[in-house]
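Here is what TrEMBL says about this protein:
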DOMAIN    1-436  domain 'Major facilitator superfamily (MFS) profile'
TRANSMEM  14-36  transmembrane segment
TRANSMEM  43-61  transmembrane segment
TRANSMEM  73-96  transmembrane segment
TRANSMEM  108-130  transmembrane segment
TRANSMEM  150-173  transmembrane segment
TRANSMEM  203-222  transmembrane segment
TRANSMEM  242-264  transmembrane segment
TRANSMEM  276-295  transmembrane segment
TRANSMEM  349-370  transmembrane segment
TRANSMEM  382-405  transmembrane segment
TRANSMEM  411-430  transmembrane segment
Amino acid sequence: MAIFEEDPSAGKEFMGLIVAANPLGQMIFSPLFGWWSNKIHSIRIPMICSLTLFTVASAIYSSLELMPDNVKYWMWASRFLIGVSSSNTAVCRSYLSDATRLSERTNAVSMISLAQVLGFIIGPGLQALVTPLGSDGIQLFGGGVVFNMYTAPSWINVVMSIGNLIMFMPAVFEERRVAAREIMIMQGKTSEKETWKSIKPDYVSAWTLIVAFFVLVFNFVLLETLGTSLTMEQFAWSNEQAVHYMGILMSVGAIVALITFVAINPLCKFFPENQVLIWGGFSLMVLGRVLYIPWGDGPPKIAEVYNVTIPLTGNSTLDLTPDDEIFLGCPRTQQWCEITPALTLSQFIIGYAFTSIGYPIGVTLIQTIFSKVLGPRPQGVWMGLMTGSGCLSRVMGPVFVGSIYTRLGTYWTFGLTSVMMLVSMIWLLLSRKRLIPPIYDTATAAADPVELKDLKKTDIEQNGMSSVGAAIATGNLSTLPYIDEAEATDDRQIGVSAEGHEEMSHLLNAKNATIVAIGRSSDT
């Protein structure tokens with residue numbers, strides 16, 4: 001969006017606020033959306049409300065040209081509301097944990113992460129696709145809707161959001177929750193609530209993973225934010241060269257990331273997830289950051305300031321542009337440029353390759369292990385905290401670039417991030433025994449080390465019917481699981497109510513069986 005054209009008062013400082021508005025909104029509201037979905041035991045209403053908000057906010061963003069004044073504030077508000085609507089990420093992650101068995105969780109989370117990466121790939125491609133529309137574009141509905149290179153992506157978002165809204169309607173989307181039911185059967189409990197109340201989450205593991213997620217995303221966002229300007233300053237590339245070569249590198253990196261996402265689930269079948277996270281994810285990220293500590297022979301090419309005064313002799317004239325050789329390189333205004341060795345191109349490419357492999361592994365397995373150590377309880381608030389930590393890193397990334405990289409240079413920037421990654425990796429290594437999902441089936445844990453058995457509908461039916469059959473055969477109704485009707489909210493419990501006990505007692509008495517009916521409404 002050409003915000004400077006619409007509102008000249010929007011300077012670079014305000015543009016920083018606009019960039020931070022999206023993750024700020026998501027960071028604040030992610031735990032709230034997670035709590036909301038837990039409270040109503042459904043994701044449908046939070047998802048519909050968030051998608052509606054996303055549709056409206058995207059429409060506002062696309063219509064900034066129609067605003068009479070204060071365009072920059074409208075833009076900030078629309079970006080903030082889009083961030084608020086993106087809080088549904090926490091709701092989706094929570095539902096994913098509830099709608100999958102433990103044996104399915106890793107693959108499901110990797111597919112969700114894969115979808116996010118596809119969005120990052122398609123987004124820039126979509127922007128390039130609509131660039132030929134230009135700034136004038138096409139005016140629809142008498143000029144009420146302007147479809148140009150700036151607004152087209154947002155209008156496409158509006159259309160896709162409406163499609164998502166339809167997909168979450170009751171006639172299309174049906175919520176299925178199997179995680180707690182699976183553990184309920186394995187533990188022999190009679191209700192899901194009883195199941196998750198009997199399991200206390202490991203708060204140390206949970207907060208360890210939340211902090212690790214922040215560190216991981218912070219390092220990725222830092223590279224994403226710094227990438228283009230870093231190559232321009234270290235390799236003396238023009239803006240066009242930097243955009244072109246970084247586009248190629250990011251495309252190749254995205255392909256590597258896609259392959260990595262697909263390979264995560266098979267890899268975790270041979271090695272424990274916590275070991276893959278530490279040695280396959282964080283170790284590669286540590287190497288990627290360490291490789292960015294410069295080891296060139298000398299400092300990078302120094303660039304003159306664009307508005308510098310150059311003395312001329314005679315009648316000579318110079319027609320200079322920002323892309324002229326004299327202005328390319330590390331700015332002279334950054335004093336560290338003259339004393340810090342340059343980053344080599346091979347360092348940059350190899351470090352980026354390690355990041356393209358390590359980040360997908362880390363971000364997927366952190367979320368997977370996080371959902372498992374929390375157990376079968378509703379995870380909306382916890383997933384909101386996890387999402388919020390990632391958003392905080394997106395807010396702090398640009399601040400870190402401005403305060404550390406610009407003032408102190410590459411040594412401090414990548415030295416500090418290397419230490420952050422290394423400390424986080426060591427802490428995960430020390431906590432690795434906590435990053436293992438508990439075995440819920442205590443009766444078969446020693447004999448059967450398999451993570452979890454397959455959950456089938458016949459298992460539920462056989463478990464329930466075998467209890468009833470045993471009670472009738474022995475004449476002992478106390479073997480039947482008892483259900484308090486005041487707590488029974490759905491058909492996911494296996495047992496007999498007080499009235500059921502009484503009716504079965506009369507039936508067995510008629511056959512001259514000696515029965516002791518145990519039930520709330522029975523007096524015998």
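The backbone N, Cα and C atoms fix where each Cβ goes, and this holds for glycine too.
For the transmembrane segment (276-295), same-chain residues at least 6 beyond its ends with a Cβ under 8 Å from one of its own Cβ atoms are 212, 216, 219, 234, 264, 267-268, 340-344, 347-348, 350-355, 357-359, 361-363, 365-366, 369, 410-411, 414-415, 417-418, 421-422, 424-425, 428-429, 432, 435. Touching of the transmembrane segment (108-130) and the transmembrane segment (14-36) is ruled out by the presence of fewer than three CB pairs under 8 A, sequence neighbours closer than 6 excluded. Against the transmembrane segment (349-370), stretch 242-264 has more CB pairs under 8 A than any other of 14-36, 150-173, 203-222, 242-264, 411-430. Across 14-36, 43-61, 203-222, 242-264, 411-430, stretch 14-36 shows the highest tally of CB pairs under 8 A with the transmembrane segment (73-96).
Within the chain, the transmembrane segment (242-264) has long-range Cβ neighbours (under 8 A, six or more residues past its boundaries) at 106-107, 110-111, 113-114, 117-118, 120-121, 124, 227-229, 231-232, 276, 349, 352-353, 355-357, 359-361, 364-365.
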